[in-house]
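Quick notes on the structure that follows.
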Amino acid sequence: MMQTSNSPASSFRHTIMPSLPQLLSGRILHFAKLSATSSYESHSAKQVKFPKKISRKTDSGSPPRNTQKLNLEVSPHRAVSAVRLMRIELGGAFADLLNEQGKGSGENEMGYVERTLGFHTRHLEDRDLRLVTEIVGGTIRWRRYLDHLILSLCHDESTFRSMEPLLLQILRIGFYEITKLDMPPYAVVDENVKLAKVALRPGAGNLVNGILRKLIVLKESDSLPAVKVDGDDRQQARGLATLYSHPVWMVRRWTKYFGRDEAIKLMTWNNSSPSFSLRANTGKGLTGADLVSRLKILKVPHEPSLYLDDFVRIKTGMQNVIQAGLLKEGFCAVQDESAGLVVSIVDPQPGESIIDCCAAPGGKTLFMASRLNGQGTLFAVDINEGRLRILKETAKLHQVIDVISTIHADLRTFSTDKVVEWDKVLLDAPCSGLGVLSKRADLRWNRKQEDMEQLKHLQDELLDSASRLVKPGGVLIYSTCSIDPEENEERIEAFLLRHPEFDIDPVNRYVPEDFVTTRGFYLSNPVKHELDGAFAARLVRSQ
């Protein structure tokens with residue numbers, strides 16, 4: 001319940017009890033306002049209750065033999081990868097959770113293996129953790145193509161369609177390791193056969209052995225099953241979707257808006273290993289130079305951002321950053337430069353009153369707060385109380401809590417009861433997340449075409465609500481992590497027709513010209529800029 005006071009800050013401060021004793025600061029990285037994690041809409045991933053333990057039939061139909069709790073024959077990173085892939089596909093887990101948990105993640109993941117398969121292997125070492133990250137992310141990215149290969153080698157669609165989930169994940173892992181990672185092929189066969197035999201039954205191991213050996217022969221003779229990209233537009237889209245492992249509807253949509261060549265470049269980018277950016281926490285008085293010094297000590301390859309002070313790019317070494325405690329201690333935050341440029345467009349100035357309308361988990365909120373230099377007020381509104389709690393804890397860690405007030409509310413209701421109008425209003429809206437598919441490997445399979453219409457309706461509602469909070473002469477900033485014109489430019493054009501009291505304020509004063517569209521909007525292109533895709537429009541309300 002909101003407390004009343006003479007000051008706007010206390011008037012809108014939402015008191016939240018401390019929680020989450022172990023704060024995962026890295027969580028700010030990946031949940032960049034994706035509607036797949038937004039409470040404004042239902043999660044679009046298939047929600048299936050994940051089994052506590054896999055049923056382990058024997059080939060003879062007799063009761064399963066007792067499994068020893070510790071099995072040193074099974075490769076630990078493959079066991080963890082197979083179970084995590086099942087949890088992602090059947091249980092709605094996130095592909096990037098392993099990265100966020102740092103040193104404790106190995107034990108957590110092996111705990112899932114034991115509860116699911118009935119045994120555990122040796123502890124995961126740092127190299128194992130990196131392999132899990134690579135295999136899980138890569139297998140998810142290439143899932144459609146891998147399934148094409150598996151189906152081709154099964155020679156019987158019914159065998160493929162009726163395959164047990166765990167068996168299918170083991171095959172996908174083996175196919176990915178052989179075709180994309182170029183691991184020693186017969187070692188891959190041996191290790192995945194062991195996993196199938198122990199986790200399922202001897203017959204499953206024999207099937208894995210036969211199919212993977214067929215794959216090796218075909219790969220060595222450069223005769224992998226081809227993907228046909230011919231016929232009419234629909235058939236070509238299906239072929240491209242299989243070849244580049246994306247949903248057909250995305251291929252058709254991108255081909256429509258960007259052309260076939262650009263669609264292929266975009267899919268190629270999404271299938272590449274993602275790079276990350278770190279933002280030095282200026283709220284603690286740290287600078288990009290301080291961050292560079294720490295990265296040098298950790299021997300993490302890095303380069304300064306081309307666009308933002310205090311941002312540093314890294315391609316590899318994220319596990320080193322996490323395990324060194326740089327995120328947990330608030331030394332820095334993981335934040336893509338595309339999101340940082342949105343904050344540049346907001347242009348927070350000391351003394352201003354700003355409201356972030358869909359704030360949690362708070363990456364942009366924290367960056368804006370650091371720009372206020374302890375002067376001004378920043379109100380963070382979100383419908384998800386748990387994620388607001390994380391934001392508040394992280395704000396304490398980053399030493400910017402003094403300017404942040406959290407408000408647990410649905411923006412659409414909150415804006416009708418407003419008593420204050422703000423200098424600047426940021427609506428970082430729930431969206432499809434089509435600009436961040438290189439980092440969110442699982443999102444491409446969770447998002448559906450019918451989601452787009454629902455999202456557009458939600459975005460219009462939230463834009464109308466946010467506009468009521470802007471004072472005369474104030475600024476409204478609308479942003480997404482999408483590259484889709486219907487979520488971006490079209491939403492703004494429709495909004496301006498409904499709200500003639502707002503005008504476009506071109507963003508060229510705030511970001512490099514290379515990011516500015518002909519209409520004066522901000523757009524980062526993953527292929528062109530090697531950043532996440534993002535959009536922002538800056539609108540000024542008439543006096």
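Placement of Cβ uses the backbone N, Cα and C atoms for every residue, glycine included.
Keep in mind it's a predicted model, so treat the numbers as computed, not measured.
According to TrEMBL, the features are:
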{"type": "ACT_SITE", "residues": "Cys481", "note": "active site, nucleophile"}
{"type": "BINDING", "residues": "Cys358, Ala359, Ala360, Pro361, Gly362, Gly363, Lys364, Asp382, Asp410, Asp428", "note": "S-adenosyl-L-methionine binding site"}
{"type": "COMPBIAS", "residues": "60-70", "note": "compositional bias 'Polar residues'"}
{"type": "DOMAIN", "residues": "266-542", "note": "domain 'SAM-dependent MTase RsmB/NOP-type'"}
{"type": "REGION", "residues": "45-70", "note": "region 'Disordered'"}
Given Gly362 (S-adenosyl-L-methionine binding site) and the residue listed as 'active site, nucleophile', what distance in Å do their CA atoms have, once rounded to a whole number?
14
Enumerate same-chain residues with a sequence separation of six or more from Asp410 (S-adenosyl-L-methionine binding site) and a Cβ-Cβ distance below 8 A; give 'none' if the list is empty.
Ile383
Just to verify a number: CA distance, Ala360 (S-adenosyl-L-methionine binding site) to Cys481 (active site, nucleophile), in angstrom, no decimals.
14
Cβ contacts of Lys364 (S-adenosyl-L-methionine binding site) (under 8 Å, same chain, 6 or more positions away):
Ala339, Val342, Val343, Val346, Asp356, Leu426, Asp428
Looking only at Cβ atoms, how many others are within 10 Å of the one on Gly362 (S-adenosyl-L-methionine binding site)?
28
Cys358 (S-adenosyl-L-methionine binding site) and Cys481 (active site, nucleophile), distance between Cα atoms, whole Å:
13
Site extent for S-adenosyl-L-methionine, whole Å (max Cα pair distance, Cys358, Ala359, Ala360, Pro361, Gly362, Gly363, Lys364, Asp382, Asp410, Asp428):
19
